[in-house]
Amino acid sequence: MLKLFTSSASRVQHLTPAIRVGSSPVESPLFKALSQITGWNRRSASLGHRAFFCSEPTDGEAAAEVEAKAVESDSEGSDSKSSSAIVSTNPRPEDCLTVLALPVPHRPLFPGFYMPIYVKDPKVLAALQESRRRQAPYAGAFLLKDDPSADSSSSTDAEKNINELKGKDLLNRLHEVGTLAQISSIQGDQVILVGHRRLRITEMVSEEPLTVKVDHLKDNPFDMDDDVIKATSFEVISTLRDVLKTSSLWRDHVQTYTQHIGDFTYPRLADFGAAICGANRHQAQEVLEELDVHKRLRLTLELMKKEMEISKIQETIAKAIEEKISGEQRRYLLNEQLKAIKKELGVETDDKSALSAKFKERIEPNKEKIPAHVLQVIEEELTKLQLLEASSSEFNVTRNYLDWLTVLPWGNYSDENFDVVGAQKILDEDHYGLSDVKERILEFIAVGRLRGTSQGKIICLSGPPGVGKTSIGRSIARALNRKFFRFSVGGLADVAEIKGHRRTYVGAMPGKMVQCLKSVGTANPLVLIDEIDKLGRGHAGDPASALLELLDPEQNANFLDHYLDVTIDLSKVLFVCTANVIDMIPNPLLDRMEVISIAGYITDEKVHIARDYLEKTARGDCGVKPEQVEVSDAALLSLIENYCREAGVRNLQKQIEKIYRKIALKLVREGAVPEEPPVAIDPEEAEIVADVGESPENHTVEENPVSSAEEPKEVAQTEKIAIEKVMIDESNLADYVGKPVFHAEKLYEQTPVGVVMGLAWTSMGGSTLYIETTVVEEGEGKGGLNITGQLGDVMKESAQIAHTVARKIMLEKEPENQFFANSKLHLHVPAGATPKDGPSAGCTMITSLLSLATKKPVRKDLAMTGEVTLTGRILPIGGVKEKTIAARRSQIKTIIFPEANRRDFDELAENVKEGLDVHFVDDYGKIFELAFGYDKQED
């Protein structure tokens, strides 16, 4: 029968192939077959027979006594280092009616099996040691009803919970049926138990340590010749045999079990199968409690079948993984062999040699241009690369570093264009106006031509959105024949984006400038740094401070990137920065840049831009031909003044594109569904019919066939419908772009008393606004001033200054007039939803107050701007061009500017100044004469 368990019978020793019933051995057919298979006989077994006290209780107790004595006599003459772990004891196991109760946490202990447990209670441990010294080394092992580790976060917590249980609490947690266990050894707090026979707790004797009375359980009587029991046992053996083929661990279990428990009987076979299978604690306890041998065998068989299925699944998984691993290993070996063969043939070198050759090939053409310190670093890194293993992380870091060092354009410069006339032509092709920017670029080209070489500059273009700051940068690069690279720093909060990361970081990369040089391939590109006024600042540093080195002509010749860790010459790079408001740029950074202001476009300039640039681009993008549409000048002018009043032309471009999209839709609809579609035979179909030789009689002909002569006429009619010209004028403009967004800023045809038009600057360009003043209440001593219009602190102070200056002027002009002393006034600046601030409204507020005091309206075509002091002096203001454009848009002919702004006005283009009567003043007295003295001049 053992042959069914394992193919190696020599590994199992001291197995008695007999089942003892009573005092005489009875040969079992099952084990007789086992004896025949294994070749063991009674003689060979008797030579190595050894009896143990792990037997189940039988009716032949005398035989057990004989066996015990035999063991004692055998152990006296044997070596002290016997392989048996069962200690001979004087008292018999069946004499143990009172035992210590030891809790087993996870699985029950079956007879014939070892189990190590840990005893933390000193009293229990002392009692076990005392029992072992008294030659009565027995205790009861009982399974806990619930697994403590299921409710605990770790096994340590589970053991702690078991150790805390005492007396009745512990007894209530234990199963009644357990195993009488022999104490094999005690080492520290570890106790090795060997199961003997089944026990049942009857009552508790003492609580600490827990001692209980037990009954020794015997198996129910059964017929050993019963065919059902035999068949069940054979099926268990067959299942064990199948499992043993896949697991060497189970074969070791068989050897150990037969050495220490003796012969395999039906009950022991059931216990063995249940003990070694992977059943859960409750199923194993159910087998332990079952005293009916047939039922126990059936329970064991079920558990073994489940274990067999698990073994099959495990084998399938192991086979799949093994196939995958072996396939990868085979592929790896083949690749290595292929590499070795190629290397021997000289077809391919190894990775490190190929990389080194590639890097050397990169630097060889420009080796003389590469700085000496950079060349030295490259040589050192190449040497380091050869010494590193390809699988190490340092190898990849060095390879990437060399890749960046060798790919940069050291000393490579593009051939610049020093043709001023050609550059002027290119700039005019792309942009209308922007004379300041174009003049500066032409100066740059002229200086370069005279010197024979050009140096890098830092130019900052400031202006409202949509005026062409970014697009002019691309045109400048084309005019100079330089490579163009743009990156935006709006919201940038990490210094590493500018200066790069240290190579020690995972995923480190160089900064934007190094990436720029790699992208363009030259050392003198034009770099456009967009939105420089919107730099962020975060925990990773201040990017504005990092830009100081980049944009400083004295420092960028030795710019140090943290990743490369070698200096780079950026002195030939032309930097063009863009900003909406230069006030947001830090002063140290602004000091390094040459600022060119782009104020915006007047109406005439917008009309030219729309005609020459925007309309052509939109027409081409929409696929509309020039002969299919015509937009009148009046429509363009209305579009600019009523829909696109901002300083830039971005919104104007959107509106023109919207018009052409609607025109395209209209043309497609009219061309796809003509009023009278022609009905004719396709000429190609007619040719096919003629080719196959079919006669006209074989075809169905309509009553009114279309002749070939009429065919071109109908096609021409269709084309005429498709190319019918669409006219866009002021009358139908609203059908394409909707209702007007803006209305005339000039609210009054005749300016009323207390109302004066002022000029303001905004980020969208210039704007006109009215300042209104009215009387709230009159009475002696009730003088005062209320201010509304969402004004900032500066404008509120300007209003108070204006009130004081106006009272002073009235006291000088009309001493008897007590208007300001006896009138409570209200000053308002519409519109109330728009925040307003700035010092340039002082003279306008004074004029509004004096108009109300003198009850005289100001000139209807007059607008003014300027800051006023308490003594009446007019201080300079900003945004002269924007304010002048706003005045022209509102059809204002007379403008008052501070005297200090005369130079700014003189620099404006002639088309901006044309038709304007501008007065420059340095004292408010002149404004008073201009605003209120017009009636005397007319008289």
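Positions of Cβ are set from backbone N, Cα and C atoms, glycine also.
TrEMBL: automatically predicted annotations, no manual curation.
Database features (TrEMBL):
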- 64-91: region 'Disordered' (REGION)
- 99-308: domain 'Lon N-terminal' (DOMAIN)
- Gly463, Pro464, Pro465, Gly466, Val467, Gly468, Lys469, Thr470: ATP binding site (BINDING)
- 694-714: region 'Disordered' (REGION)
- 750-934: domain 'Lon proteolytic' (DOMAIN)
- Ser840: active site (ACT_SITE)
- Lys883: active site (ACT_SITE)
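Each residue contributes its Cα atom, and for Ser840 (active site) and Pro465 (ATP binding site) those atoms are 23 Å apart. Mean pLDDT for the domain 'Lon N-terminal' (99-308) in the predicted structure: 78. Here Lys883 (active site) is positioned 17 angstrom away from Pro465 (ATP binding site), judged by their C-alpha atoms. Residues near Gly468 (ATP binding site) in space but far in sequence (CB under 8 A, at least 6 apart, same chain), listed by position: His431, Leu434, Ile598, Gly648, Val649. Comparing Thr470 (ATP binding site) with Lys883 (active site), their Cα atoms are 24 Å apart once rounded. Distance noted between the C-alpha atoms of Gly463 (ATP binding site) and Lys883 (active site) is 14 Å. Within 10 Å of the C-beta atom of Gly463 (ATP binding site) sit 25 other C-beta atoms, taking all shown protein chains into account. Residues within less than 8 Å, Cβ to Cβ, of Gly466 (ATP binding site) and separated from it by at least 6 positions along the same chain comprise Glu646, Ala647, Gly648, Val649, Arg650, Asn651. Figure note: comparing Cβ neighbours within 10 Å for the recorded positions Thr470, Ser840, the maximum is reached by Ser840. For the pair Val467 (ATP binding site) and Lys883 (active site), the Cα-Cα distance reads 16 Å.
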